[in-house]
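Here the structure is laid out as structure tokens; the discussion comes afterwards.
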Amino acid sequence: MKFIVKLYPEIMMKSKPVRMRFTKMLETNIRNVLKKVDDDAKVQRQWDRIMVMVPKNKPELAQAFGERLACIPGIAHVVQVDEYSFTSVDDIYQQVLPVYRDQIAGKTFCVRVKRTGSHDFNSIEVERYVGGGLNQFTDAIGVRLKNPEVTVNLEIEGDKLYMVTKRIEGLGGFPMATQEDVLSLISGGFDSGVSSYQFIKKGARTHYCFFNLGGAQHEIGVKQVAYHLWKTFGESHKVKFVSVPFEPVVAEILEKIDNGQMGVVLKRMMMRTAARIAERMGIQAIVTGESLGQVSSQTLTNLNVIDRCTDMLILRPLITMDKQDIINECRRIGTEDFAKSMPEYCGVISQKPTVKAVLAKVEAEETKFSEDLIDRIVEQAVAIDIREIAEQMNTRITETETVVAIDTNEVVIDIRAPEEEENKPLEIEGVEIKRIPFFKLATQFADLDKQKTYLLYCERGVMSKLQALYLIEQGYHNVKVYRP
């Protein structure tokens, strides 16, 4: 069993040297991700495709491989195939017949062939021959070239025949690290998660900068979002998560800054700080989730004033997106429920915010800040490898327990993603098991029976510890981590 990875069309349009570099990078990225699923994963680069071989003795890995390939930037689509050898067109037909006889019985069908290599036949001739044979010697209703109920997809390469059993849509975009690094400002809300994802998809190694305005609970929630984005879409490369203690800045804004200017001043202070951090990391651009007109600080006038605080390039991928479109994308990438449970701190800064800030007035207000405020904040910022988020949970989870046995009145919550749970269902005799995906737990936990104790389960124990710590910070103490 194999997967044939088809490159995103924009890659195919590049010059030969660039195309070669992008393809090599994608091959490396795929190998890095799949090796974490199984060390025996084999990846082979060809000119216009990449072959992924499922170990012959481990066919059960096909689903896991397919799920990971669907989340790697730079892939247009993936086809899962079974490989055969052939000597003639009739040999192709004879091998297709037993595979599709039952699948097309009582249905309309068509045959589609893609061919590479030197042969004494073309693709259309194979389609006609195989289609005619299936039509004559099966119980199919007949051939329908437009909108058939079953499409028999075949790929021919040299003397190899590939029967397509499944097609998986890819992310598109460019392979990770083919573009330069960016620093994404992440708050855990709808917008910043989507803007970060957009740059991951575009092939930029996306580091995260979090301005902590709400204490440990806020930081834990945002780390979950960043970790989810990295683990799902950017796992092939290491990135940093930078936490900036921004409460002193907020305190000075509330004490010293004119009420109407607070929102714009806050954003300018964030941009200044992020620019300093980005320069230290050798990064040339900041990414934000701002969308035109969404809030008072995001008018064109105010965005212009905000940009004047730094020479650093500020990128806003969501600038023309509607809020509902952002929420829909948030739902698709799996960060919606995180965002729903995330408090919005910036919105309470100013009671009467200006929508047409004047640069001179804003700069005059900023002279009221302590001279070394930004320096102190930058020095106090903590940067970690995003993989350390999981390790941190092992040391910070002291308020709860990790258990291997289940007592009476304890309920296990399987927090794995639905596809993981379906692939390896958790079954424990005599124990009640609830299935709540981790991205819905924050919003659904309050509805559970408070008289019971809940044991959170995931396969590696990383997300269960993150979720347990988050729930404890919210005031729930009837939660533990289950590690059988």
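Glycine is no exception: its Cβ is also placed from the backbone N, Cα and C atoms.
A quick note: this is a predicted structure, and the numbers were derived from the prediction, not measured.
Of the residues K166, K202, K267, Swiss-Prot puts just one in the ATP site with L185, I186, G289, Q298: K267.
Among the record's ATP binders, L185, I186, K267, G289, Q298, no two C-alpha atoms are more than 16 Å apart, and one pair sits at exactly that spread.
DSSP assigns L185 (ATP binding site) to a strand. DSSP classifies C458 (disulfide bond) as coil under the three-state reduction.
Distance between Cα atoms for I186 (ATP binding site) and C458 (disulfide bond): 25 Å, as a whole number. Per-residue pLDDT, averaged along the domain 'THUMP' (63-167), amounts to 96 for this model. Counting every protein chain shown, the number of other Cβ atoms lying within 10 Å of the Cβ of K267 (ATP binding site) is 24.
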